[in-house]
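Peer 1: So TrEMBL says this about it:
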type: ACT_SITE; residues: Cys344; note: active site
type: DOMAIN; residues: 562-730; note: domain 'MOSC'
type: MOD_RES; residues: Lys183; note: N6-(pyridoxal phosphate)lysine
Amino acid sequence: MSGFTEQTLSFFNASPGEYKCIFTSGATAALKLVGETFPWSSQSTFMYTMENHNSVLGIREYSLKEGAAAIAVDIDGRHGGKSAVKIIPHTVQRRGEIGCRKKEQTSDTYNLFAFPSECNFSGLRFDLGLVNVMKEDSYEMPGPTLSHSGRWMVLIDAAKGSATSPPDLSKYKADFVVVSFYKLFGYPTGIGALIARNGAAKLLKKTYFSGASGTVAASIADVDFYKRRDGIEEYFEDGTLAFVSIASLRHGFRILNALTMSAIYRHTMSLALYIRKALLNLRHVNGSRVCTLYGINDPELLCNEMGPTVSFNLKRPDGSWFGHREVEKLASLSNIQLRTGCFCNPGACAKHLGLSHSELLSNIEAGHVCWDDRDILNGKPTGSVRVSFGYMSTFEDARKLLKFIKSSFVSLPPQHSISDLLGEKPVPASTEGVERVTRTYFLKSITVYPIKSCAGFTVESWPLCSTGLLHDREWLLKSLSGEILTQKKVPEMGFITTLVDLKLGRLIVESLRCKEKLQIELTSGQCIAEREVMEIYSQRYEVQGYGSEVDTWFSTAVGRPCTLVRSYAFQNHMCSNKNRSMGPCRDLEARLNFVNEAQFLLISEESIADLNNRLRSKLHKGSNEQHIEVDPSRFRPNLVVSGGKPYAEDGWSRLKIGQTNFTSLGGCNRCQMINMAFTAGTVQRSNEPLATLASYRRLKGKIYFGVLLKMCDSIKQEAWLHAGQEIVAYAV
Ligand SMILES: *Cc1c(COP(=O)(O)O)cnc(C)c1O
C-alpha cells in the first residue's frame, strides 16, 4: 500500500522526505480536514480567490468560527512579468467582536491562501508562481490591507487541474494540495488525498492534539490520520475503501504513466483549442456571434492560460440567450452528456456571468423544476455549458459536439421555420383582412382518458360537457402522502386500460396485474369518503375518494399504495399564471378536470406522417438507432384530425367541429414523456421522437407538437362530437 503513497507523491513530483500523503474520501474531505485542523486564531486570515469550488469556500466557516478573517480576492498579473502580483480584495468578512483582535500578528499566526490550479468553471489556469509570491510576501494589495506579519500557508486545489497538469511540488512548494482520483482516472469515486508539507502537516496535528474544541476532536476522529499517517493499510482495513478501488487506482496510475502526463496535456489542450476556435467562429445567418466563451478575453491566450475545459453560453440571432438547461437537454437527446450550471463554483459563476449577489440568491430561491428550469433570469444566464476533455476524450467526441451545436443552435437562411407558424408571425393568410376559411379537415378520432395518466379509449362519438369530453381526466390516483401519481413517476399507469360505458353507467378498468376487471358506478353512492378540497397545479378541486376495494385494486395495478379520487367541482380559478409564472396551466377561463393545460389536445395525422417521414430519413442517414414509427396515441391527444398540410393546425386561431366552436390556445410543449412506448406490458424508452422534433419544432427552448383547445360556447344539452365530422378552421 505504501507504494501507492509514493506513486501519488511522485505524480506531483513531491519528495517523500518533504511531503506526506493522507488519503481521504475525496478532495472535499481533504479540504475539510485542512479547514478543521488548521491552527486558526483571531489574528489569522483565510484568503481565497473568487474562483473556487464550494468545498474550498467551506474552509471559510472554520476560519470564521475561530474568529479569523476571511477575504475573497481577485488576482491581477497572472501573466508573470517583473511587476509584483496585485491582489484585489473584496470585503473582509469577520464574525463576532472586533476588540479581541487588536493584537498584532505574531510569528505564531498562520494565514491560509487557497486557489485552484485550474478553475473548474472556466478552465482558467492560475500561475503556480502564486505559491512563492505568497510565501515571500511579494504581492501588492491595495485598500484595507491585512497585516503581513503572520506566516502564509498556501493550499492548491488541484482537483480539476491534476487530470492534465499536476502541480510540480519540487518547484512550487505549496503547503497543501488536494486531489480526487476519479478526476484523474475517471474512476473510482470515493478516494482522494491531501498532500501536505511535513511542516504544515505538523501544524495540523498540533491542533488535533491540543483538542482546541470538542467538535474538532470529534469530527476528525473518523480520519485519525496521526496514528495512521504512514500506515495506510490500517486506514484501508477500516473498510472505508474497497480493495477493488485500490487495485483500480494502481491501474489508473499505470495508464497515466504509460500515456505520460505531457502527452495527455498536449492531447487535451489541442482538443480544447479546436473547440474554442470553432465556437468563436460560429456565426448566425445575420452575422452575429453564436458563442460566448468564459475565462478568456484575448484569443492570443487561447493555449497558455486555459486548461482543457471550455465553458460557454450560446446566443440566438437576436442576441437573447439559449438557456444552458435547454442546451443540456437537447444534447442528451443527441447522446451527448454535457454538464451545465455553476459547477459548485459560485464565485467564478458570478464573475463570468456578471451576476450580482442578489441575483445569485434569487436564482437559488427560484429553484429548479424539471423541463421548466430557470436557466435564464432577468435575461441573463444563471450558469454555463461546460465541456471538459480528459485523456479518454477523442477528436471524434469534439467533432460530434460541434456538429450538434451547429445543427441545433446556429440559424441558417430562412426556410419554412416553426416561428412562422407558431405565435411569432401569424401565417400570412388574410390578404384582404378577411379570415381565411379552410374546409379540408375532418375529425378522425376521439379519445377519452378518464383517469389521469392511464390509458384512454377511442370512440366514434362522445358527448361534451363544460369540462370538455365527458368524464375526461375526471379521476386521478394519489399516493398516501397526497402526491398525484403521473406516468412520469409511475409508468405502470400507462398499462391500466379504461373504458366508460355510458349505457351501463360504469367506468371499467383493467390491468395485467389484477385478475378481475374493476367496475365503478358513475352515479351510485360508491364514493364513500368525505369530500375534500385538493389543490392541483395551483387549481382547486372538490374531490371524493372510494372504499378500500377500489384503492386495493389500483394499488395492485400500479404496484404502490394509492387511492382513486374523482373531481366533483372545480372550485375557483386559482390559475393566476400572471403572478405565478411557474404554473403550467394555460387555459385561464375554462373549467378543467385533471388536465395539465387545457380541455383538449388536438393532433393532425398529416403532422404525424411528416414526423414519421423525418424519423425514417434520419434512419437512412445511418443513425444506429432502431426505427421508430409513432402513431397519434404517443401524444395522448383527445382529437385527431386529418386533411390539409402538416402543421396547418399551428396557424389556426379558431375551429368549428360540427356545431361546436373551439379556440386554439397555441402549441403543446413536449417533453421526454413522448419517448416512452407502451408495448406488450413493458415500457420502452428512447430519444425519439423528441430528438427529431427538437431538430425542427423548437421555439424559445420549447418543443411543440399538437395544439391545445378550449370550447368557446357554453355547452347545451346533447352536444356531441362524431368521428367523420367536418372541421372548419380559421386562421387569423
Ligand atoms: C471536483 C472538484 C472538487 C471536489 O472534489 P470531490 O472529489 O467531489 O470532493 C473540488 N475542487 C475542484 C476544483 C473540483 O473540480
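Cβ atoms here come from the backbone N, Cα and C positions, even for glycine.
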Peer 1: Between Lys183 (N6-(pyridoxal phosphate)lysine) and the residue listed as 'active site', how many Å separate their Cα atoms?
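Peer 2: Lys183 (N6-(pyridoxal phosphate)lysine) and the residue listed as 'active site' have their Cα atoms 15 Å apart.
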Peer 1: Name the residues of the same chain, 6+ apart in sequence, whose Cβ is under 8 Å from the Cβ of the residue listed as 'active site'?
Peer 2: His53, Asn54, Ser55, Asn120
Peer 1: Take every residue in the domain 'MOSC' (562-730), average their pLDDT values, and give the whole-number result.
Peer 2: 83
Peer 1: Please work out the number of neighbouring Cβ atoms within 10 Å of the Cβ of Lys183 (N6-(pyridoxal phosphate)lysine), leaving out its own Cβ.
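Peer 2: Lys183 (N6-(pyridoxal phosphate)lysine): 21 neighbouring Cβ atoms within 10 Å.
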